[in-house]
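Straight from Swiss-Prot, the features:
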DISULFID  Cys53-Cys95  disulfide bond
DISULFID  Cys134-Cys177  disulfide bond
DISULFID  Cys221-Cys269  disulfide bond
DOMAIN    201-286  domain 'Ig-like C2-type 3'
CARBOHYD  Asn28  N-linked glycosylation site
CARBOHYD  Asn48  N-linked glycosylation site
CARBOHYD  Asn69  N-linked glycosylation site
CARBOHYD  Asn168  N-linked glycosylation site
CARBOHYD  Asn249  N-linked glycosylation site
MOD_RES   Thr368  phosphothreonine
REGION    321-342  region 'Interaction with EPB41L2'
REGION    346-404  region 'Disordered'
SIGNAL    1-24  signal peptide
TOPO_DOM  25-297  topological domain 'Extracellular'
TRANSMEM  298-320  transmembrane segment
Amino acid sequence: MILTSFGDDMWLLTTLLLWVPVGGEVVNATKAVITLQPPWVSIFQKENVTLWCEGPHLPGDSSTQWFINGTAVQISTPSYSIPEASFQDSGEYRCQIGSSMPSDPVQLQIHNDWLLLQASRRVLTEGEPLALRCHGWKNKLVYNVVFYRNGKSFQFSSDSEVAILKTNLSHSGIYHCSGTGRHRYTSAGVSITVKELFTTPVLRASVSSPFPEGSLVTLNCETNLLLQRPGLQLHFSFYVGSKILEYRNTSSEYHIARAEREDAGFYWCEVATEDSSVLKRSPELELQVLGPQSSAPVWFHILFYLSVGIMFSLNTVLYVKIHRLQREKKYNLEVPLVSEQGKKANSFQQVRSDGVYEEVTATASQTTPKEAPDGPRSSVGDCGPEQPEPLPPSDSTGAQTSQS
């Protein structure tokens, strides 16, 4: 909220208010408007106010028609003065000048109190200025003025006036003020309503994200104009992150002719009036751009990888089966061969040249010779282990040997 304090000199405040009529409409070629001087729609008894009717008319033809509470009055001048206002002057005022349409109504209220909160108007459109004045009876000075909205203070002023240069929806509420004269006074509440000019924009894309490279993408900054103003033109700006894509264009669309991976990011838009009195930003919209993809359909890729997986599983099972069969066959062939060779190996003995017996065990793979415990060992080729030396001959044989 932008607040500006003023002193007793009201020229700046008056200049601020005259460009916007009381009814909240900009001067146009079809509708008349009413302005007030001084610019307050609430005044004390015995105070003066002048209403001015402005609108299109032919040169030299400024004939004006005034309406009070719906009844035409016999006044044909562009100005309507109320000297020393009374309660009977309270009511609804309209005017029509030249070829214009009747103006929007202005509600004038006459009060009798010690302290009065004056407003430039009670109903206005966001972006328009609002002037407030804490006014003492018979223009008595008021010090240490505090302004309140909905019961909460929002401005302390050393003088009695304050202005909100650009109103928004949060400025709607019940306003009052308090100040010190001979005593501490508090004004009655005044209802101020700020109407929305256009809705908060929403950024939408023509295609769903993510989308492939090369896609044509149109971004649309959508908003609804709630109040029609003659000559009103909205301006649209587009951004990605902090980068400006397009600034203050009258078109609500932005085109990405051929999307690339670099175009991915968070996009948002901004809508503003021509004088930037109302400016609103949309939420962010994330755009994701996919890299190059095969032209084959998705179901083809699923079927392909499923087939590869099945073939791999079958090959693994077959390999394990074949390997197991080979091992079983080899085992069945080796067992009989080893058994037969073992029997033959145990059925013969061999006598060495030195008279020592040795037994040879032969198998299909190797033989191991065995030597008698007390005699020398001899290796015979690949024979099996040597057997112990046979027992000596009987006693009779030994006797014959000793005799000889």
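Just so you know, glycine gets a Cβ as well, placed from its N, Cα and C.
Remember, it's a predicted structure, so these values are computed and weren't measured experimentally.
For the domain 'Ig-like C2-type 3' (201-286), residue counts in helix, strand and coil come to 3 helix, 45 strand, 38 coil, using DSSP.
Ranking the glycosylation sites Asn48, Asn69, Asn168, Asn249 by the number of CB atoms within 10 A of their own CB puts Asn168 at the top.
Annotation note: Cys177 (disulfide bond) sits in a strand segment as assigned by DSSP.
For Cys53 (disulfide bond), the same-chain residues lying six or more positions away in sequence with a CB closer than 8 A to its CB are Ala32, Val33, Ile34, Thr64, Trp66, Pro78, Ser79, Tyr80, Cys95, Gln96, Ile97, Ser103. Calculated from their C-alpha atoms, the gap between Cys221 (disulfide bond) and Asn249 (N-linked glycosylation site) amounts to 11 Å. Confidence in the topological domain 'Extracellular' (25-297), given as mean pLDDT, stands at 92. Taking the Cα atom of each, Cys177 (disulfide bond) and Asn249 (N-linked glycosylation site) are about 43 angstrom apart.
Its Cβ placed at the centre, Cys95 (disulfide bond) has 26 other Cβ atoms within 10 Å. Long-range Cβ proximity for Cys269 (disulfide bond), meaning a same-chain Cβ under 8 A and a gap of 6 or more residues, is found for Pro201, Leu203, Leu219, Cys221, Phe236, Ser237, Phe238, Tyr239, Tyr254, Arg281, Ser282. Here the CA atom of Asn48 (N-linked glycosylation site) lies 17 Å from the CA atom of Cys134 (disulfide bond). The most densely surrounded of the disulfide-bonded residues Cys134, Cys177, Cys221, judged by C-beta neighbours within 10 angstroms, is Cys177.
Across the structure, Asn168 (N-linked glycosylation site) and Asn249 (N-linked glycosylation site) are spaced 23 Å apart at their Cα atoms.
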